[in-house]
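Okay, so here's the structure we're looking at.
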Amino acid sequence: MAREYPLDRYRNIGIMAHIDAGKTTTTERILFYTGAIHRMGEVHEGNTTTDWMVQERERGITITSAAISAFWARHDQRYRVNIIDTPGHVDFTIEVERSLRVLDGAITVFDAVNGVEPQSETVWRQADKYKVPRICFINKMDRVGADFEMSVGTIREKLGARAVRMQLPLGAEDKHRGVIDLLKMKALVFQDSEQGSHYEESDIPEEFKEAADAARAELLEAAAEQDDALTEKFLEGVELTEDEVRGAIRKGCLGLKLFPVFCGSAFRHKGVQPLLDAVVDYLPSPLEVPPIHGKTPNGEDAVRETRDDAPFSALAFKIMNDPAFQSQTLTFLRVYSGKLEAGTAVWNSVKGKRERISRLVQMRADKKDEITECYAGDICAVVGLKLAGTGDTLCDDKQPIILERMDFPEPVIDIAIEPKSTADQDKILQSLQRLAMEDPSFRVRTNEETGQTLIAGMGELHLEIIVDRLLREFKVDANIGKPQVAYRETVTTQVEMEGKYIRQTGGRGQYGHIWLRVAPNEPGKGFSFENKVTGGVVSKEFVDAVKAGCAEAMQNGPVAGYPMVDVKVEAFDGSMHDVDSSEIAFKIAGSLAFKDAVRMATPVLLEPIMNCEIVTPDDFMGDVIGDLNGRRGKVQGMTPRPGRVQAIQAQVPLAAMFGYSTDLRSRSQGRATYTMQFSHYAPAPKTALNR
């Protein structure tokens, strides 16, 4: 079967924002206007297409990133748009990270009342990291307090982004009727009676003309700056054509020089079709993003062009267990080069294993369309892969490549979980392992001292969802402990240590001997290991076993048994025996040397520090700041908001934030709100060990 749509008519986009900015509603409207669905769901009714999990519908939030294919007609052509609706809650930031890794462009949705909010800042920085071109949608222009210019100002000031207005709102709050198109210089008025399916173009009303002329002049200047020939025309006073402006803005957007801004109200069915036009006009096709880079198994640089006839390569960016396929694993892939066919075998270059692709599906949230092939530049899901994990590369075994893997943050909070009966013991461990495969920011470990199973995640809501899924999907009966801080440990000085494991039992013995240099690593770098053994005194395979022993020993630190982070290890000397040396002997020797070294390297306990933003009326500001100081918080700054409200930015230890929402409500008569996300780990006070 040949490719249905040429690659230049593909758009792989994400929809991202702060929680409650209207991402899922915007996605729902896009699906309706593209004909992918025939009835619009609403978040408050719990029946949207992309929020298909029970937990999402009950809470009215997006938890997982849902992938959907839709089609849009533009310039007399049909375009295929693969859309991923991502979560806005900070506990599910990892879902955004996974999606951005495989997207070509994004729509960032902002609330017209609040502008840039903490999580919109986080996802914007994540998109910067992956160099994803973006268009902006100022949503909720119908809300009381909606302010388009303020919102654009926050994009420019808080994000340092060059926001270029492509539209102005045609009225705001209850007078919001549509948008002013600054390219065509026309007013687009949306009909309330037809769910916004049609809009009329008309002349710009007199009261908006002056503002529209000024905004258009700014748009033309931004367009002219993207192209020398246009700059010359612009300076000579020659009118730029619509196509010239559109092409120049596209060039600036793809080069991350500027970010086109649109507006509307998704809930009131206004402004969504022009936003879809903008996806086609300003966001890249897979052909317009740089070729994907990776390494060969030998460590040499490798590149894959986005071509159907190139060697096959794809990245597994999401794993989920799907009841519709008898609970088989569903693996989401971004195909970067070549093509994938159902029934063929692929090579997992990270695991070094071959697996067969039994079935391919194209996703429509929780509905699946069976397909036989998936081509370069597309996103699809594979049924039944047993070995692939998030971030693994699937490729052609004759021309293997390992694509850059994803980094996942350390969990900050954990809870103990115990089966209610021995029958549930194995079931609970299997279920937790399957959930950990789906979500790399969720970890499972056993406390060696107590034997308790601990599950760790990015926040209370994250773990609440995990527990809820255990009980409902996997039918596990368990006792759940109270949330606790996920402390970590590290070393603060450098130590050299010898590790020996020698056993003689009459037959073949065991001999492992290694010297390690253990030192602090850069914050956030995790565990790193370097082989500096020279002269062949210890072979590479035995040094690899030493590395495995060290990595295993990292799971239980010397201070209080918490996992260790940010430790750098160098193997620099040792010896081996011609007969008795084995990988297991060197693994044990490495583990012994590491444990002795970290005990001597002045180990410390680390606690998670959170970035908090508290939005409070002026009247309660003194009380709120005093309370933060009492929680060992450090105020970083304050930003005035409209209506005698202040946004306080602070860094506070997570240990001091349990129960904070209840305290804040009582201090502010229920009028203050806060958001919190992980910042970094820092040394904990000695009193933390006594808790």
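Placed from the backbone N, Cα and C atoms, the Cβ positions cover glycine too.
Features reported for this protein in Swiss-Prot:
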- 8-287: domain 'tr-type G' (DOMAIN)
- 17-24, 85-89, 139-142: GTP binding site (BINDING)
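A helical conformation is recorded for K23 (GTP binding site) in the three-state DSSP classification. DSSP assigns A17 (GTP binding site) to a strand in the three-state reduction. For M141 (GTP binding site), the count of additional Cβ atoms within 10 Å of its Cβ stands at 28 [all protein chains shown].
A simple Cβ count within 10 Å picks out one of the binding-site residues A17, D20 as the most packed, and that one is A17.
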